[in-house]
6 protein chains.
Amino acid sequence: MSGLTHFDDSGASRMVDVSEKEATQRLARASGLVRMRPETLRLILDRGMAKGDVLEVARLAGIMAAKRTGDLIPLCHPLGLDSIQLDLTATDAATLRIEAVVKVCARTGVEMEALTAVSVAALTVYDMCKAVDREMVIDSVRLEEKSGGRRGHFRREPT
Amino acid sequence: MSGLTHFDDSGASRMVDVSEKEATQRLARASGLVRMRPETLRLILDRGMAKGDVLEVARLAGIMAAKRTGDLIPLCHPLGLDSIQLDLTATDAATLRIEAVVKVCARTGVEMEALTAVSVAALTVYDMCKAVDREMVIDSVRLEEKSGGRRGHFRREPT
Amino acid sequence: MSGLTHFDDSGASRMVDVSEKEATQRLARASGLVRMRPETLRLILDRGMAKGDVLEVARLAGIMAAKRTGDLIPLCHPLGLDSIQLDLTATDAATLRIEAVVKVCARTGVEMEALTAVSVAALTVYDMCKAVDREMVIDSVRLEEKSGGRRGHFRREPT
Amino acid sequence: MSGLTHFDDSGASRMVDVSEKEATQRLARASGLVRMRPETLRLILDRGMAKGDVLEVARLAGIMAAKRTGDLIPLCHPLGLDSIQLDLTATDAATLRIEAVVKVCARTGVEMEALTAVSVAALTVYDMCKAVDREMVIDSVRLEEKSGGRRGHFRREPT
Amino acid sequence: MSGLTHFDDSGASRMVDVSEKEATQRLARASGLVRMRPETLRLILDRGMAKGDVLEVARLAGIMAAKRTGDLIPLCHPLGLDSIQLDLTATDAATLRIEAVVKVCARTGVEMEALTAVSVAALTVYDMCKAVDREMVIDSVRLEEKSGGRRGHFRREPT
Amino acid sequence: MSGLTHFDDSGASRMVDVSEKEATQRLARASGLVRMRPETLRLILDRGMAKGDVLEVARLAGIMAAKRTGDLIPLCHPLGLDSIQLDLTATDAATLRIEAVVKVCARTGVEMEALTAVSVAALTVYDMCKAVDREMVIDSVRLEEKSGGRRGHFRREPT
């Protein structure tokens with residue numbers, strides 16, 4: 001563990017210099033959970049079958065947020081993105097799981113873009129349902145997989 | 001449970017009309033955790049004592065994100081904010097806790113601003129430490145307290 | 001016709017000074033059309049009945065754009081908004097009509113917010129359908145109604 | 001007509017994956033009209049000869065909006081742009097025509113950037129003249145030409 | 001001199017809490033200089049008399065930047081603004097002076113908005129002329145006057 | 001001196017077409033000064049040794065602003081950046097010097113990104129200290145060095 005690369009020798013924060021790195025195909029996959037009351041999830045899923053769709057609004061919010069990651073995370077490189085995809089699925093009666101996959105051809109990875117997409121989609125679910133359930137919790141936001149770049153393929157062990 | 005107020009009768013999404021509500025003093029407090037390896041947290045805390053400071057960068061990212069909540073969350077009202085405060089503290093050897101308090105005088109509450117501040121601060125911690133610990137997890141992002149507005153004071157029960 | 005109020009006496013552009021005006025309840029309603037091939041509109045409406053929904057994506061894009069009007073239109077005042085609502089309806093076999101209503105309590109009106117919502121929703125329809133119909137046209141973007149402020153109520157004559 | 005490429009098989013919206021496409025030189029040209037009363041257009045053109053210049057403000061607004069297209073249109077790829085040019089010309093006594101040409105070397109086209117530039121320039125004309133003519137109408141916003149990319153050169157037939 | 005109000009007792013940065021302050025009419029005036037070669041200034045002024053106008057582009061850039069001050073300056077409150085005005089005048093053969101006046105009715109002042117307007121207008125002058133004069137210098141960016149708020153009227157002594 | 005390249009033949013402003021230029025490694029270095037009372041600088045430096053750090057907040061503000069240069073400067077190309085670094089050092093008892101170095105591989109240079117980083121970092125210093133010293137002045141913001149691109153290496157003569 002060589003230390004935190006966002007700091008230079010004197011300890012000042014900086015954006016890591018990637019100008020010597022090669023632009024390669026990169027992918028990152030992240031996930032997160034929104035825990036809520038079963039009635040809330042039922043309401044989301046029922047409206048999803050009608051015209052209004054919490055899942056669709058959250059998905060769009062996540063996609064749009066991924067594009068603005070470099071604006072939100074101070075030391076993150078601004079990147080054009082080639083693909084962003086979000087899935088939202090109920091994994092049990094009280095849990096909505098969000099997964100984002102982001103791709104780019106760039107000198108640096110897109111973990112932050114995938115994690116930002118998941119977080120903002122989760123916040124949007126909260127916003128749209130808070131009138132009926134203020135106690136929803138966003139849990140387990142984490143990187144699942146990452147490929148491209150010098151450090152090789154990473155895939156998180158299932159827990 | 002009367003239904004999801006972000007949808008009108010036909011199910012289309014909309015920004016809730018708050019023009020009839022009164023502008024009152026409002027406060028929201030939210031929190032979240034970043035779980036990591038003890039070495040990672042030690043590294044954060046040690047650098048915090050030198051000039052470079054993960055906690056300070058994350059705090060600023062959270063403050064700046066709170067100001068842009070209306071840009072990120074599709075159906076959230078754009079609000080001027082009167083106060084944003086973030087605290088980041090280690091609660092055990094492997095956990096960093098983030099808490100945000102936001103205040104405004106407005107026609108609608110600032111839960112989303114507080115939750116967005118916490119989420120983006122947590123993502124920033126991830127970004128700055130991911131080179132040494134890709135398996136960090138963001139957990140338990142939730143509303144702790146809310147006051148002002150018609151629906152009265154809310155304080156989450158300790159779990 | 002006294003002249004263009006965005007220019008001062010020397011002809012330089014400026015943001016009109018509204019500090020002497022009173023904050024009042026204001027509303028603006030704007031509309032626009034997207035003309036397309038009947039097959040394209042049928043495809044939009046059919047998907048609208050399934051989970052994917054061009055209309056929903058366009059509606060959200062319009063809502064989010066309304067919130068950023070002051071960022072896009074150089075001499076427009078930045079405003080918090082109290083309500084934004086968009087309707088998208090087919091008015092004949094080849095025409096989608098978009099209508100936006102925006103409300104605020106402020107020193108200046110929200111015509112630009114309503115017109116921006118309509119325009120960006122229309123552009124989003126174009127974006128989502130351009131792979132099947134590049135010749136869609138955005139037409140008749142205009143102010144329909146406006147109330148609040150010194151100059152009284154305005155309602156466009158039907159043509 | 002194979003269907004709307006912004007949706008995946010289950011109907012959820014997504015940003016189309018362009019990672020397999022080649023980066024090529026791309027150009028898009030779009031146009032639109034602002035119809036107004038002859039006195040309004042005369043006022044615009046007269047001020048254009050002095051220091052204040054509606055056309056110049058609208059041109060800049062269009063250029064700046066083109067750069068932010070990926071922020072405004074939910075499923076549009078964020079792109080660096082190599083060139084943006086806008087022309088505003090009176091085509092008859094009551095009509096201002098706006099044309100935008102955008103160029104980039106990228107994996108996807110710039111139709112949306114050109115159309116967004118035209119739309120925001122037109123909205124800016126409206127904003128700057130609305131005090132003297134609220135009934136201006138934005139018409140015929142459409143793609144005129146597009147080159148680069150797999151689907152070859154497109155040029156709209158004159159109507 | 002009681003200390004830096006942007007820090008709380010433990011030294012962490014925060015956005016100062018203004019929720020107890022009264023909303024009052026506030027004004028700030030700031031200025032700055034762009035020093036350049038006389039030929040450069042002549043070129044600016046000559047084009048200013050034709051259709052292209054460095055001064056007009058810079059003025060708009062300053063106005064638009066003022067509206068985004070809260071986005072740029074980390075601990076600055078986001079504010080709606082009631083008026084922004086910029087003047088650019090040649091004060092000698094090699095100096096362009098920029099002055100901005102900003103007004104708002106708010107709980108906090110608009111010094112940062114006025115200074116940001118001046119700085120971004122000056123940067124825009126640099127951008128538009130850098131092909132002919134890379135050695136231009138931005139000098140003496142400073143607050144000239146401020147009124148409203150608890151601390152009374154401030155007017156900088158002429159130097 | 002052939003004229004201002006931001007204008008086309010008719011004098012209208014435009015974003016210069018760089019589509020024929022080659023993408024090369026580019027670097028720009030800019031600097032600026034913040035002049036203040038010695039007590040103010042002492043206060044900054046002392047807090048810098050504790051947890052609160054004006055220099056750190058200003059550094060982050062500069063980094064984030066560099067990433068948004070294309071949004072702020074109307075005719076500037078939007079660019080992904082490979083590296084941004086800021087140094088803030090006291091050069092005498094009353095002067096803080098800010099230097100920014102920006103790198104990119106692109107078709108156009110990054111002078112504006114470096115100058116914007118310096119300007120916004122300086123404005124942030126002003127914001128954080130204005131409660132104790134309203135008369136601070138931002139001086140000598142200028143390009144120090146530039147490499148890459150057709151016009152070769154530039155290094156400003158020491159004055």
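Backbone N, Cα and C atoms are what each Cβ position is placed from, and that goes for glycine too.
The active site annotation in TrEMBL covers E:ASP127. Positions annotated as substrate binding site by TrEMBL: E:LEU75, E:CYS76, E:HIS77, E:MET112, E:GLU113. Marked as domain 'Molybdopterin cofactor biosynthesis C (MoaC)' by TrEMBL: E:15-149.
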Rounded to a whole number, how many Å is the Cα of E:MET112 (substrate binding site) away from the Cα of the residue listed as 'active site'? 22
What subset of the binding-site residues E:CYS76, E:HIS77, E:GLU113 has a Cβ positioned less than 8 Å from a Cβ of chain F? E:CYS76
Among E:LEU75, E:HIS77, E:MET112 (the binding-site residues), residues with Cβ under 8 Å to chain B, listed in sequence order: E:LEU75, E:HIS77
Rounded to the nearest angstrom, how far is the Cα of the residue listed as 'active site' from the Cα of E:LEU75 (substrate binding site)? 27
For the recorded positions E:GLU113, E:ASP127, which Cβ has the most other Cβ atoms within 10 Å, all shown protein chains included? E:GLU113
Restricting to the same chain and to sequence separations of six or more, state which residues have a Cβ under 8 Å from that of E:HIS77 (substrate binding site). E:MET15, E:VAL16, E:VAL18, E:GLY70, E:ALA106, E:ARG107, E:THR108
Counting Cβ atoms within 10 Å across all protein chains shown, which of the binding-site residues E:LEU75, E:MET112 comes out on top? E:MET112
Applying a 10 Å Cβ distance cut-off over all chains shown, what neighbour count does E:CYS76 (substrate binding site) have? 27
Among E:LEU75, E:CYS76, E:HIS77, E:MET112, E:GLU113, which the record lists as binding substrate, how far apart in Å are the two most distant Cα atoms? 13
What is the three-state DSSP composition of the domain 'Molybdopterin cofactor biosynthesis C (MoaC)' (E:15-149), stated as helix, strand and coil residue counts? 49 helix, 46 strand, 40 coil
